[in-house]
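Among the features that TrEMBL reports, [4Fe-4S] cluster 1 binding site is placed at Cys62, Cys65, Cys160, Cys194. Annotation source TrEMBL lists [4Fe-4S] cluster 2 binding site at His232, Cys235, Cys260, Cys266. Under the heading [3Fe-4S] cluster binding site, TrEMBL lists Cys275, Cys294, Cys297. Residues or ranges marked as domain 'NADH:ubiquinone oxidoreductase-like 20kDa subunit' by TrEMBL: 62-207. According to TrEMBL, the feature domain 'Cytochrome-c3 hydrogenase C-terminal' maps to 227-305.
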Amino acid sequence: MSYNQSLGDLLQNRNLSRRQFIKVCCALTGMLGLSPSMLPEVIARAETRPLVPVIWLHGQACTGCSAAFLNAGEPSAAEAILNIMRLEYHGLFSAASGVELEHHREKVMREFRGNYLLIAEGAVPAGDQGYFCSVGGVPYGEILKAAAKQAAAVLAIGSCAVWGGIQAARPNPTQAAATQQVITNKPVVKIPGCPPIPEVIAGVVLHYSLFGQLPALDSQGRPTRFFGKTVHAGCSRKSFFEAGQFAEYYGDKGAKAGWCLYKLGCRGPSTFNSCAALGWWQGLSNPIQAGSPCIGCSEADFWDDDPISGFDVQG
Ligand code: SF4
């Protein structure tokens, strides 16, 4: 990929017609929560502004965030959006590995000093001098600090990177910490979720690529556009909540009829995320739609505060 390639260049190289390019820009404008009147500006910026390079690091994680990102599905506007990230380094996706790949990361850090985005997936272990998680013999925390120092901004993606996740759950044997506990001198955008919604990650990266700045963040550092409302606010079962119609047990009459899952421990009312609005796999479904209560995976400490495990599922 050319170092000055814009989104327009990239899509043109993939033989997308002008009409399809405009469709992608329309989808992008909507996804970023911009006014339709901004469409001409989005098109102009998409045609001219070079995509921002991205380095994607892995700490203590199951790699589920990366796996979710890969589930782009069939060609569509959403697929195009998910694949337009200029990913320069990723421990799993990159074709190269070992020393070659680490050298490439260092080269990107040098050549794009202050101008690349750093994505951090997974928690950061402080125990055993950080060696509970290391790459090439270097503790992840050290790699993270060095890469963050020269980045324009850091995106902590997934609940492990944002809150510490299951690694930080009691008794936290590796002394796992969240990204922002380690990176304190750089903006850290928090995109929690287990896993986080791929379109949200791509949306934040593209917003920075197009406008040269991060999207609006809430008081916890989460993008307001995607974390400004509770799951409950957009839930397809909300009318049943308001009518007092609740499933009491898995598989009962209410569960089969699609009633509210609040009595099964649903945390939608206190969980901020876009699962209901964006859905998963190009909006195909989301956990509540599929019959599972929201477990609040994007909220802090949800592993230590599990609402589901105490429920009787047999009736
Ligand atoms: S299923 Fe959960 S999110 Fe949906 S209406 Fe009921 S309590 Fe709210």
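Backbone N, Cα and C atoms are what each Cβ position is placed from, and that goes for glycine too.
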| said: For a quick check of understanding: among the binding-site residues Cys65, Cys160, Cys260, which residue's Cβ has the most other Cβ atoms within 10 Å? | reply: Cys160
| Cα within 10 Å of Cys266 ([4Fe-4S] cluster 2 binding site) - qualifying binding-site residues among Cys62, Cys65, Cys160, Cys194, Cys294, Cys297 | Cys294
| query | Taking the mean position of the Cβ atoms of His232, Cys235, Cys260, Cys266 as the [4Fe-4S] cluster 2 site, which residues outside that list, in the same chain, have a Cβ no more than 8 Å away, listed in sequence order? | reply | Val231, Arg237, Lys238, Phe241, Leu261, Tyr262, Gly268, Pro269, Ile288, Pro293, Cys294
| Counting Cβ atoms within 10 Å across all protein chains shown, which of the binding-site residues Cys62, Cys194, Cys235, Cys266, Cys275 comes out on top? | Cys266
| query | Closest to Cys160 ([4Fe-4S] cluster 1 binding site): which of the binding-site residues His232, Cys235, Cys275, going by Cα position? | reply | Cys275
| So which binding-site residues are near Cys275 ([3Fe-4S] cluster binding site), with CA atoms within 10 Å, out of Cys62, Cys65, Cys194, Cys235, Cys260? | Cys235
| message | So if I measure Cβ to Cβ from Cys297 ([3Fe-4S] cluster binding site) and keep only same-chain residues at least 6 apart in sequence, which ones fall under 8 Å? | response | Ser159, Pro192, Gly193, Cys194, Thr271
| request: Counting other Cβ atoms within 10 Å, pick out the least crowded of the binding-site residues His232, Cys294. | output: His232
| message | Using the Cβ center of Cys62, Cys65, Cys160, Cys194 as the [4Fe-4S] cluster 1 site position, which other residues in that chain lie within 8 Å, going by their Cβ? | response | Ala61, Thr63, Gly64, Glu121, Gly122, Gly158, Ser159, Ala161, Gly165, Ile166, Pro195
| Euclidean distance between Cα atoms of Cys294 ([3Fe-4S] cluster binding site) and Cys65 ([4Fe-4S] cluster 1 binding site), Å | 18
| said: Just to be sure I understand the contacts, which binding-site residues have a Cβ under 6 angstroms from any atom of ligand 1? Candidates are Cys65, Cys160, Cys260, Cys275, Cys297. | reply: Cys260
